[in-house]
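Q: In case it's useful when we look at the structure, here is the feature table from TrEMBL:
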DOMAIN    81-192  domain 'Amino acid transporter transmembrane'
TRANSMEM  83-103  transmembrane segment
TRANSMEM  109-129  transmembrane segment
TRANSMEM  162-182  transmembrane segment
DOMAIN    254-521  domain 'Amino acid transporter transmembrane'
TRANSMEM  255-271  transmembrane segment
TRANSMEM  278-302  transmembrane segment
TRANSMEM  322-344  transmembrane segment
TRANSMEM  356-377  transmembrane segment
TRANSMEM  402-422  transmembrane segment
TRANSMEM  442-463  transmembrane segment
TRANSMEM  469-492  transmembrane segment
TRANSMEM  504-524  transmembrane segment
Amino acid sequence: RPFHVEPTNIVGVNDDMQRVTDEASAMNKRIHYYSRLTSPADRALIAPDHVLPAPDEIYVYSPLGTAFKVDTCTGGYGKNSSLVTIFMIWNTMMGTSILSIPWGIKQAGFTSGIILILLMGILTLYCCYRVVKSRQMIPLIDTSNWEFPDVCKYYFGSFGQWSSLLFSMVSLVGAMVVYWVLMSNFLFNTGKFIYNIVHDINVTDIVPGTNGSNKVICPSAASSHLPQNRSVMFSSGNSTGFELFEEWWNKSQTVPFYLIAILLPVLNLKSPSFFAKFNVLGTVSVVYLVFLVTVKAAHLGIHLEFDWLTESEFFVPEFRILFPQLTGVLTLAFFIHNCVITLLQNNRNQENNVRDLSIAYFLVGLTYLYVGVIIFASFPSPPLSKECIEQNFLDNFPSDDIMSFVARIFLLFQMMTVYPLLGYLARVQLLRQVFGNAYPSLFHVLVLNLTIVGAGVAMARFYPNIGGIIRYSGATCGLAFVFVYPSLIYMISLHRAEQLTWPALIIHIFIILLGLANLIAQFLL
């Protein structure tokens with residue numbers, strides 16, 4: 001006998017099935033979106049560009065920032081308060097670029113450096129707001145699971161898809177190169193400190209510096225005519241053994257190669273999610289750097305002399321033609337545009353997104369200003385010149401400085417945990433786009449990782465200038481994600497809605513030209 005169902009029950013069943021189908025469809029869209037960015041066999045890290053989700057959590061991070069866990073939402077928006085959202089954005093943006101801010105202020109001049117930090121913060125905040133609004137301006141399409149690269153693909157087709165991949169890879173690989181240079185630097189100084197302590201060696205570097213317990217050095221003054229880590233004046237210990245140590249423990253010639261044995265194997269893992277558990281070190285590192293800067297400034301005092309046009313022996317002018325070097329660094333320092341949509345989508349109160357994003361940017365800018373201004377102002381000149389401020393301001397403190405040693409230890413371990421995650425994201429984005437699989441074979445993954453590691457080793461060996469690497473990669477990826485795409489998408493959206501006005505057109509074309517000028521200036525100055 002045929003199975004019989006009353007008509008009234010059919011309606012109820014159909015309603016329930018329709019609801020389940022709708023929910024399943026929404027879930028499938030989400031799974032489909034995330035699955036494009038991860039290996040099918042690896043469900044530990046699946047996310048848009050800068051997001052690493054797990055079954056009930058995601059990890060959000062930026063190239064030079066940190067990573068942390070965020071609760072996901074099951075329909076609708078997230079459950080994070082505004083305070084948590086603000087902290088997440090601040091924590092995501094804060095990273096190793098903070099080490100180059102004092103150098104950037106020196107390159108731009110003290111007054112112009114402060115002004116540029118404020119202006120770049122405002123400009124990147126505005127462009128970030130345009131990124132958030134870009135998804136909301138797409139009509140008749142469910143964009144709830146889209147990130148900014150998907151918006152670029154919608155407006156610009158395959159060109160937007162591939163160009164966003166290219167510039168995203170520039171930011172990731174650029175960050176990995178910076179990390180390799182810094183890890184080589186921190187590992188070298190840490191090893192040197194430990195060796196001197198263990199063997200009871202008192203070493204005076206052949207580098208100009210101040211006297212006293214709070215010594216500040218000027219490595220660049222001696223780098224042109226002396227070996228990079230030669231030292232003299234042994235109070236105890238075996239001089240032959242020390243010379244052998246210096247030969248095999250060299251900042252640029254040996255240490256960058258030692259890191260290969262540590263990091264290359266973990267780069268080839270299918271899922272490096274284990275390392276995401278340690279990224280709380282990023283927050284600890286930034287907080288400790290602020291503490292270090294405060295203590296050092298309290299001991300060194302303030303050394304400022306205002307001269308608006310000319311450069312004296314110990315001081316730089318307030319305005320310098322090299323200011324684009326700071327804007328290049330700041331472009332990456334304020335870069336969060338690839339993952340800001342996901343961060344704000346987890347905000348419980350969506351009406352506060354603009355306010356929360358603005359407060360977070362204000363706090364990031366305030367942190368950069370505090371560290372940059374305090375280091376620049378307290379740098380002891382005389383007797384040293386402000387020109388001695390290094391691209392990594394920790395290099396201005398000798399390797400036997402206890403507080404700097406602790407900072408290097410924190411940063412070294414934090415970078416060694418973030419580096420495999422950056423490598424994983426680079427692999428996922430590139431190999432999945434090219435081969436349709438994030439892990440096509442060990443050979444493909446090994447070739448990619450050897451290329452990235454080789455770039456880091458080469459830079460650490462021949463061009464260990466993190467300020468230069470940050471400003472080049474920042475200006476390049478920032479041209480697309482900060483200046484061009486948000487402005488173009490906004491103008492196209494207004495044009496389609498027949499709401500584009502001449503003032504809006506002029507303003508956003510000007511923003512695009514600023515981004516282009518920022519990139520060109522990096523290669524001219």
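A Cβ is built for glycine as well, from the same backbone N, Cα and C atoms used for every other residue.
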Q: When each of 83-103, 109-129, 255-271, 278-302, 504-524 is checked against the transmembrane segment (322-344) for Cβ pairs under 8 Å, which one has the most?
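A: Out of the listed stretches, 109-129 contacts the transmembrane segment (322-344) most.
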Q: Excluding the flanking five residues on each side, which residues at least 6 beyond the ends of the transmembrane segment (255-271) place their CB within less than 8 Å of a CB in that stretch?
A: 39, 41-42, 44-45, 180-181, 183-184, 187-188, 191, 249, 416, 419-420, 423-424, 439, 442, 445-446, 449-450, 452-453, 456-457, 460-461
Q: Same chain only, please: residues at least 6 beyond the ends of the transmembrane segment (356-377) with a C-beta under 8 Å from a C-beta of the stretch. Say none if there are none.
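A: Same-chain contacts beyond the ends: 82, 85-87, 89-90, 93-94, 98, 101-102, 104-106, 110, 113-114, 117-118, 121, 124-125, 128-129, 132, 286, 289-290, 293-294, 296-297, 302-304, 330, 333-334, 340, 344, 347, 386, 389, 393.
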Q: Considering only the recorded stretches 162-182, 278-302, 469-492, state which has the highest number of Cβ pairs under 8 Å to the transmembrane segment (109-129).
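A: Answer, by Cβ pair count: 469-492.
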Q: Which residues of the same chain, at least 6 past either end of the transmembrane segment (278-302), have a Cβ under 8 Å from a Cβ in it?
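A: 59, 61, 65-68, 91, 94-95, 98-99, 213-214, 216, 367, 370-371, 374-375, 377-380, 397, 403-404, 406-407, 410-411, 413-414, 417-418, 421.
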Q: Counting by DSSP secondary structure, give me helix, strand and coil numbers for the domain 'Amino acid transporter transmembrane' (81-192).
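A: Per-class counts: 97 helix, 0 strand, 15 coil.
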